[in-house]
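Colleague: Pulled the feature table from Swiss-Prot, pasting it below:
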- GLY49, PRO50, PRO51, GLY52, THR53, GLY54, LYS55, THR56: ATP binding site (BINDING)
Amino acid sequence: MAPVLQSSQPWVEKYRPKQVKDVAHQEEVVRVLTNTLQTADCPHMLFYGPPGTGKTTTALAIAHQLFGPELYKSRVLELNASDDRGINVVRTKIKDFAAVAVGSNHRQSGYPCPSFKIIILDEADSMTEDAQNALRRTMETYSKVTRFFFICNYISRIIEPLASRCAKFRFKPLSEEVMSNRILHICNEEGLSLDGEALSTLSSISQGDLRRAITYLQSATRLFGSTITSTDLLNVSGVVPLEVVNKLFTACKSGDFDIANKEVDNIVAEGYPASQIINQLFDIVAEADSDITDMQKAKICKCLAETDKRLVDGADEYLQLLDVASSTICALSEMAQDF
């Protein structure tokens with residue numbers, strides 16, 4: 001089938017909820033923030049949770065519902081991971097924006113337009129500790145005229161003095177049912193055909209990240225047209241074919257290092273990312289049948305975790321996959337080895 005005509009707008013933006021009440025699967029957060037919008041007086045806020053669950057969407061929706069399109073640009077400052085947010089930026093750009101007072105007479109019909117500004121710091125957990133400490137003083141000094149919205153995946157990376165000054169909102173991972181409903185809505189709007197198997201595959205490979213699922217869907221549509229299959233989605237997602245990972249695990253179960261080494265050579269030759277191999281191998285091991293004991297699973301998973309850390313640190317992928325293969329063989333053969 002010929003590819004369907006597509007606009008240049010990313011579907012992530014096209015189908016981003018414009019109001020807080022439209023955010024999916026975050027009922028408690030939506031209920032509290034809806035009450036906040038009615039009073040038009042919000043505290044500093046900290047949104048945390050897995051990626052693709054609606055944190056940024058919620059922050060933007062609050063700002064738009066408070067100020068409307070006309071005042072939004074002058075009242076809201078957005079900074080994300082692509083911006084320099086070191087200590088110098090906190091002391092200059094953020095402080096300068098926070099310090100400017102706003103009058104209550106600048107109102108837009110239909111919007112509360114409270115007399116404060118909002119600074120949205122996306123991926124705040126990537127800010128240095130020095131920058132966060134500098135930001136604490138800015139929050140204290142200009143709290144009457146500026147509200148801060150922090151967005152992060154890991155709340156543990158936000159220093160306590162900042163976190164304690166914010167109302168915290170935890171965003172739950174999206175269930176497969178919620179993701180499926182949203183994906184089907186987009187398919188209906190775009191005239192796409194997506195069968196049950198493809199829908200299940202999309203939910204699985206996106207791992208609860210709705211933003212990622214929508215991106216995969218749009219990419220598959222551009223490449224393969226309006227009828228999308230599971231294979232199409234696997235091709236655009238970068239997921240390693242299951243048979244490739246199964247072959248590696250089967251080779252390790254054989255106890256023959258030469259066979260396992262050959263499978264590692266094939267994986268490297270095909271250019272599959274080692275980190276993705278590790279993730280999928282973990283799932284296979286965790287779901288393995290009763291011929292593998294819990295202790296063997298624990299040893300293999302520990303090795304996979306250590307390998308994943310080394311890959312993040314820049315270790316050679318070929319050597320790390322060989323280490324995984326040999327360690328898995330040892331664990332499955334119950335050879336004495338210190339893991």
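Each residue, glycine too, has its Cβ placed from N, Cα and C.
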Colleague: Check THR56 (ATP binding site) against DSSP and tell me helix, strand or coil, would you?
Modeller: helix
Colleague: Tell me, how many other CB atoms lie within 10 A of the CB of PRO50 (ATP binding site), whichever protein chain they belong to?
Modeller: 15
Colleague: Taking every protein chain in this structure into account, which of the binding-site residues GLY49, PRO51, GLY54 has the most other Cβ atoms within 10 Å of its Cβ?
Modeller: GLY54
Colleague: For THR53, THR56, listed as binding-site residues, tell me which one has the smallest number of other Cβ atoms within 10 Å.
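Modeller: Each of the binding-site residues THR53, THR56 was scored; lowest Cβ tally within 10 Å is THR56.
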Colleague: Give the number of CB atoms, excluding that of GLY52 (ATP binding site) itself, located within 10 Å of its CB.
Modeller: 23
Colleague: Near the Cβ of LYS55 (ATP binding site), how many other Cβ atoms are there if near means within 10 Å?
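Modeller: Here the count is 27.
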Colleague: Would you list, in sequence order, the residues of this chain other than GLY49, PRO50, PRO51, GLY52, THR53, GLY54, LYS55, THR56 that have their CB within 8 A of the centroid of the site's CB atoms, where the site is the one recorded for ATP?
Modeller: PHE47, ASN153, PHE171, ASP209, LEU210, ARG211
Colleague: Could you tell me which three-state DSSP class PRO51 (ATP binding site) falls into?
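Modeller: Coil, per DSSP.
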